[in-house]
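Enquirer: Okay, these came from TrEMBL:
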- ASP306: active site, proton acceptor (ACT_SITE)
- ARG308: active site, nucleophile (ACT_SITE)
- ARG229, LEU230, HIS231, SER232, ALA233, GLN250, GLU272, GLY273, ARG274, THR294, THR329, LYS334: GTP binding site (BINDING)
- CYS234, CYS245, CYS247: Zn(2+) binding site (BINDING)
- 188-350: domain 'GTP cyclohydrolase II' (DOMAIN)
Amino acid sequence: MELSEIGTMFQNVSKIRGRDPDMSLLPTLAEMVSRARADLRMGLPVMIGGYLTAAVETLTADRLAAMRALGQPVIVLTERRASTLKARAYDGGLARVDLPGDADLTWLRDLADPANDLRHPMKGPLFTQRQGDTTAHRASLALAKSAQLLPATLMVPAPPLPDLTQLPDQPLLAQLTQEAAMAPVAAARLPLLSAERSRLHIFRPDDGGAEHYAIEIGDPPRDSDVLTRLHSACFTGDVLGSLKCDCGPQLHAALNAMGQAGAGVLLYLNQEGRGIGLANKMRAYDLQNQGFDTVEANHRLGFEDDERDFRIGAALLKRLGFSSARLMTNNPRKVAMLEGHDIRVTQRVPLITPRNRFNTDYLDTKAEKSGHLL
Ligand SMILES: Nc1nc2c(ncn2[C@@H]2O[C@H](COP(=O)(O)OP(=O)(O)OP(=O)(O)O)[C@@H](O)[C@H]2O)c(=O)[nH]1
Ligand SMILES: [Zn+2]
């Protein structure tokens, strides 16, 4: 669906309702996408282009039957998941698998979720499609990921259904890759153990995504290369003190260093599990208990190694008025990203924390596969 058609669609809706609303009261594309995320998480299908689309993870048996009644559905998987399942991905990054006539909800869920891969390895033969436009299918996976669901959807061509969220495929894809604008919402003084002179700032993106935080220690001059940490949320490490990763110790080491220096900015980005969300991170941990490393586990779930959008860090620093940083990290990608988005990194400050028997393999994998300097 073209952008111009969205306007027509809205006009039709207003005609149905028998009034002529001010267009500014109707949802924008960004708002429709945010609504669609919530729909998929609840198990409600959405329309993407000409396809009725449901997330496999939240699909119910009734809705599976109803989708089958409309035609031949396809299961859309990322190439990562497809390669684990030995399904051919002809579409560059994704595979469209024909839903077999006898497949039930359990079969479908096992296709999306690798939890039982080792127990029931054979899912096939899987027949994948190779012709036609895949824009809507690509958009469906991007939407599922942004809803922090498993990247697996069920799609079937269908006429528009009233009351379902309707999204145009190409604009949806563009919207999901666009950088969100960050608005400051509130800030207040917050004395910390590591630094009594601290402020917590809350930022809200304009795309309905998660809020992010900045902890400003002291009063760093805006023209200085401020001591900076980009920290990604880790509920297990930051809050529970998990021994499986280095997040908790890194968080506190960074705050302590800033406290001692008397100035710094710690950006707390709500990108749990390298952007896949806590539920998927726990799925990844379950796979790690089955013997896969942190990168392999992400791939088996259908994700890339790292699904974070690091542009957010640069956007927040700029919002706070900084243009250069001394960055506390072992991850060269964070340095490259900031430099690529107009933040000069004058120094990389290593942030090495102690190893233990639960995190040592994880740290080795970060060094070997993700390029961390440990
Ligand atoms: N998917 C996944 N995420 C994990 C796992 N272990 C930790 N994480 C997440 O990884 C992220 C770690 O973030 P950071 O410490 O900011 O980043 P980093 O890439 O390790 O780089 P550094 O700046 O060197 O620490 C957090 O979002 C954690 O929740 C795992 O096994 N799987
Ligand atoms: Zn962690």
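The count begins at 1 with the first shown residue.
Cβ coordinates are placed from backbone N, Cα and C, and glycine is handled just like the others.
TrEMBL: automatically predicted annotations, no manual curation.
Note that this is a predicted model, so its numbers are computed, not measured.
Just tell me what is around each of these and how deep it sits.
Expert: Counting only residues at least six positions away in the same chain, the Cβ atoms of ARG274, GLY275, ASN298, ARG333, SER370 sit under 8 Å from the Cβ of ASP306 (active site, proton acceptor). In the three-state DSSP assignment, the secondary structure recorded for ASP306 (active site, proton acceptor) is coil.
With a 10 A radius on its CB, ARG308 (active site, nucleophile) counts 20 other CB atoms from all the protein chains.
Its Cβ placed at the centre, THR329 (GTP binding site) has 22 other Cβ atoms within 10 Å.
Annotation note: CYS245 (Zn(2+) binding site) sits in a coil segment as assigned by DSSP.
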Enquirer: Take the Cβ of CYS234 (Zn(2+) binding site) and count every other Cβ within 10 Å, whichever protein chain it belongs to.
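Expert: A count of 23.
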Enquirer: Mind giving me a neighbour count for GLU272 (GTP binding site)? Other Cβ atoms within 10 Å of its Cβ, every protein chain shown.
Expert: 21
Enquirer: Can you tell me whether DSSP puts ALA233 (GTP binding site) in helix, strand or coil?
Expert: coil
Enquirer: Nearest to CYS234 (Zn(2+) binding site) by Cα, among GLU272, ARG308, THR329 (recorded positions)?
Expert: GLU272
Enquirer: Measure from the Cβ of CYS245 (Zn(2+) binding site) and count the other Cβ atoms within 10 Å, all protein chains considered.
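Expert: Counting Cβ neighbours of CYS245 (Zn(2+) binding site) within 10 Å gives 21.
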Enquirer: Given the recorded positions CYS245, CYS247, ARG308, which one's Cα is the least distant from that of HIS231 (GTP binding site)?
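Expert: Closest by Cα: CYS247.
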